[in-house]
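Below: one structure, written as C-alpha cells.
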Amino acid sequence: PSCFGYPLSIFFIIINEFCERFSYYGMRAVLVLYFKYFLQWNDNLSTAIYHTFVALCYLTPILGAIIADSWLGKFKTIVSLSIVYTIGQAVMSVSSINDLTDQTQDGSPDNIPVHIALSMVGLILIALGTGGIKPCVSAFGGDQFEEDQDKQRSRFFSIFYLSINAGSLLSTIITPILRAQECGIHSKQRCYPLAFGVPAALMAIALVVFIAGSGMYKKVKPQGNIMVQVSKCIGFAIKNRFRHRSKEFPKREHWLDWASEKYDKRLIAQTKMVLKVLFLYIPLPMFWALFDQQGSRWTLQATTMDGNFGAIQIQPDQMQTVNPILIIVMVPVVDAVIYPLIKKCKINFTPLRKITVGMFLASLAFVAAALVQVQIDKTLPVFPTAEQSQIKIINLGTDNASIKFEPALGHVDVMSMESTGYMTFETSQLQSLSITSGNKTKLDIIKLPGGKRHTLAVKNNNTDIVVKQLLDNVTSKPEEGNNLIRFINNLPDPINVTMGETSFGNLASLSDSNYELFPGGRQDNITVVRNSTTCSCTSKAFGFGSAYTIVINECSRGDLTVTYSEDISPNTVHMAWQIPQYFILTCAEVVFSVTGLEFSYSQAPSNMKAVLQAGWLLTVAVGNIIVLIVAGASKLSEQWAEYVLFAALLLAVCIIFAVMAYFYTYVDPNEIEAQFDEEEKNQVKKDADLYEKKAEADSQM
C-alpha cells in the first residue's frame with residue numbers, strides 16, 4: 001500500500017521516531033536539574049554523570065547495528081530494544097517519586113541511595129534502548145523504498161530529520177513545564193515523576209505504533225554485519241604484516257594490502273576508503289565536547305539568571321529549546337540562501353572547509369558563554385572566609401545612627417529605617433562598636449564566630465539604644481531562582497506572620513524569623529496578626545535568586561507598613577543573554593553535523609555507510625568523555641575560565657583539522673566501484689574465452 005507515492009509503512013516509522021526522540025530529549029532536558037535538586041548532587045557530579053550517560057547513549061548504537069545486521073534483523077531489534085527502553089523510562093519515573101522513601105513526609109526523600117540506584121538502572125536501560133534503536137530506525141526506513149525511489153528516499157530522510165527536531169523541540173518545551181508543576185502525596189514538590197512519566201508513556205505509544213505497522217513493512221533478512229567484516233580484515237592485515245616484518249619480504253603499497261591473501265580486493269579497497277574518512281574523524285570529538293554542554297553547564301548557567309520574559313516565565317531547562325527552534329529555521333536558510341551566496345562570491349566552500357568553520361564557530365560560542373558568565377559572577381554575593389565576619393546594620397529607630405567599628409576600623413552612618421550592605425571585617429580585629437543615635441551613645445563589646453554573616457538591628461527607643469545581633473544562616477545564593485525571605489518584628493508587641501501559604505510563626509518584639517524559600521518572580525500576600533487585629537499588604541516582586549529581610553513597622557486599622565532590606569541581590573543578568581551563544585552554536589551545528597554525515601557518505605562505498613555512521617556516533621561519545629576528563633582534570637574554580645579553556649582546546653583542534661583537511665584528496669567511490677565491476681566483467685570474459693578454447697581443443701582430440 002502506498003500514499004502520496006510513499007510506502008504507507010513510512011508514516012508509522014516517522015511517528016515512531018518522533019515519539020522516541022520526544023521521549024529521549026524530554027528526559028535529557030530535565031536530567032541535570034534532577035541530579036542537582038532531587039538527588040542533591042553538586043554541579044560537577046551532575047555534569048559528570050550527565051555526560052557519562054550521553055556518552056553511553058552514543059556508544060550503544062554500534063552494538064545495536066551489530067545485533068540487527070548479524071542476528072535479529074532490524075525489525076526485531078527495534079521492537080525488543082524499545083521494550084527495554086520503555087521499562088527504563090518507567091523506572092526513571094518511579095525513581096523520582098519522593099514519597100517512595102519519604103517516611104517523615106517533609107517533602108525530601110529520606111533514603112537517597114534507593115533513588116540513586118533506581119535512576120542509574122533506568123539510565124542504563126535507556127542508554128541501551130535509545131542506542132540500539134538509533135542506527136536501525138533510519139536504515140529500516142530506507143529499506144522500505146524500491147530501487148527506483150531515490151527521490152522519495154532522500155525526501156524521507158529530510159522529513160525524518162525534521163521529525164527528530166520537532167520531537168526534541170516539543171519535549172524541551174513541555175517537559176520543563178511538567179517539572180515545574182507542584183505535585184506529591186504528602187508534600188508539594190517539583191514534579192519530576194510527571195516529567196519522566198510523560199516520556200515513558202510516549203515511548204510506549206511509539207512501540208505500539210511501530211508494532212501496529214508490522215504487516216506492511218518490507219523486512220530485509222540480516223545480511224551479516226559489515227563492521228565485523230571490516231574489523232576482521234584490518235585485524236588480519238596487521239597480523240600478517242607483523243608475521244612478515246623481516247627484510248626479505250617485499251614491501252606492499254599500503255599496509256592493508258597484507259590482507260589480500262585472505263580477503264578480496266574489493267573489500268580491501270572499500271576498507272581503505274573508510275579508514276581514510278575515519279582518520280579525519282579523530283579531531284571531531286572536541287566539537288561534541290562543547291556542543292553537548294548545552295544540557296549540562298549551560299542549563300546550570302541559566303539557573304543563575306533572570307528568566308522573566310514579561311508575560312511568560314522561562315524555566316532554566318527550557319533555554320535549550322533555542323537550539324531545535326533555530327535548527328528548524330537555519331537548515332533551510334543556510335541551504336537556500338547562505339551557501340548559494342558563498343558560491344556567487346567564487347569561494348569553493350568544500351565540505352571539509354564547512355566542518356572547519358563549524359568548529360571555529362563552536363569555539364566562538366563558548367567565548368560568548370564565558371562573557372555572559374563573567375557578567376553573572378559580578379552579581380554573585382561574596383561570602384566571608386573562615387577568618388572573616390560580615391556585618392550589616394539595620395536602623396529600626398526614628399533617629400539616624402552613626403556606628404564606629406573599633407579599634408579604628410571605620411564608621412558608617414545609617415538613616416532611620418534604612419540598612420547598609422554587608423561590610424567585611426577580619427574577625428580577630430573587630431572588638432567593639434560605638435553607636436551614636438539621637439543624643440545617646442552606647443559602647444557594645446562584640447564577639448563574632450568567624451565565617452558568618454550577621455545583621456545588627458539598632459534602635460533608639462527613647463530610654464536606651466537597643467542592639468540585637470542576628471545570625472544570617474545563608475551561605476549561598478538561593479538555587480533555581482527561588483527567593484529567601486525572613487521577617488523582623490519592629491513593633492512593641494509579639495506578632496504572628498504569614499506570607500503566601502507559609503507561616504513564620506510568632507515573633508517577639510525585635511526578634512527575627514528563620515529564612516523561608518519562595519518560588520521566584522511572584523508577589524505574595526503578607527498577613528500579620530497583632531493582639532487581635534489583622535493587617536495585610538502585598539509584597540513587592542522579589543525577582544529571582546534573592547534574599548530579603550522584611551521589617552514590620554506598623555500594623556493598625558488593617559494596614560501594614562513594611563520596609564525591605566536586600567540581603568542578596570536577585571539575578572540581574574537576563575536569560576536572553578544566552579541566545580547569542582545558542583545562535584552561534586546552532587550555526588556551528590548546521591555547518592558541522594549536516595555536512596559531516598553527507599561528506600562521509602560521499603567518500604565511501606554505499607555498503608560501508610553503517611561503519612561510518614558508527615564512527616560518527618563514536619565521535620559524539622568520545623566528545624562527552626572529553627568533558628568528563630577536562631572538567632575533572634582542570635581544577636579551575638571559575639566557570640568562565642573553564643569555558644575559555646574549552647574554547648581554546650577546540651580552536652587548537654580546529655587548526656589541526658584544517659591542516660589534515662588541506663592534505664586530504666577527495667575520492668569518488670563510484671568510479672572505484674566501476675573499475676572493479678569492469679575488471680570482474682573482463683575476468684568473466686577471459687574465463688569464458690579460455691573455456692571455449694579448451695572445449696575446441698577437446699573436440700579436436
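Note that Cβ sites are derived from N, Cα and C of the backbone, with glycine treated the same way.
All TrEMBL annotations are machine predictions without curation.
Quick look at what TrEMBL lists:
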- 48-68: transmembrane segment (TRANSMEM)
- 112-133: transmembrane segment (TRANSMEM)
- 154-174: transmembrane segment (TRANSMEM)
- 194-217: transmembrane segment (TRANSMEM)
- 273-291: transmembrane segment (TRANSMEM)
- 325-342: transmembrane segment (TRANSMEM)
- 354-374: transmembrane segment (TRANSMEM)
- 610-631: transmembrane segment (TRANSMEM)
- 643-664: transmembrane segment (TRANSMEM)
For the transmembrane segment (194-217), find every same-chain residue at least 6 residues outside the stretch whose CB is under 8 Å from a CB in it, and list them.
1, 7-9, 12-13, 15-20, 22-24, 26-27, 30, 34, 75, 78-79, 82-83, 85-86, 89-90, 92-93, 95-96, 140, 144, 171, 174-176, 178-179, 181, 183
Dominant neighbour of the transmembrane segment (154-174) in 273-291, 325-342, 610-631, by Cβ pairs under 8 Å:
325-342
Recorded stretch that, among 273-291, 610-631, 643-664, has the most CB pairs under 8 Å to the transmembrane segment (354-374):
643-664
Result, the transmembrane segment (48-68) in contact with the transmembrane segment (273-291) (3+ CB pairs under 8 Å):
no
What residues in the same chain, six or more past the boundaries of the transmembrane segment (643-664), come closer than 8 Å to it by Cβ-Cβ distance?
276, 279-280, 283-284, 286-287, 289-290, 293, 297, 352-353, 355-356, 359-360, 362-364, 366-367, 369-370, 373, 630, 634, 636
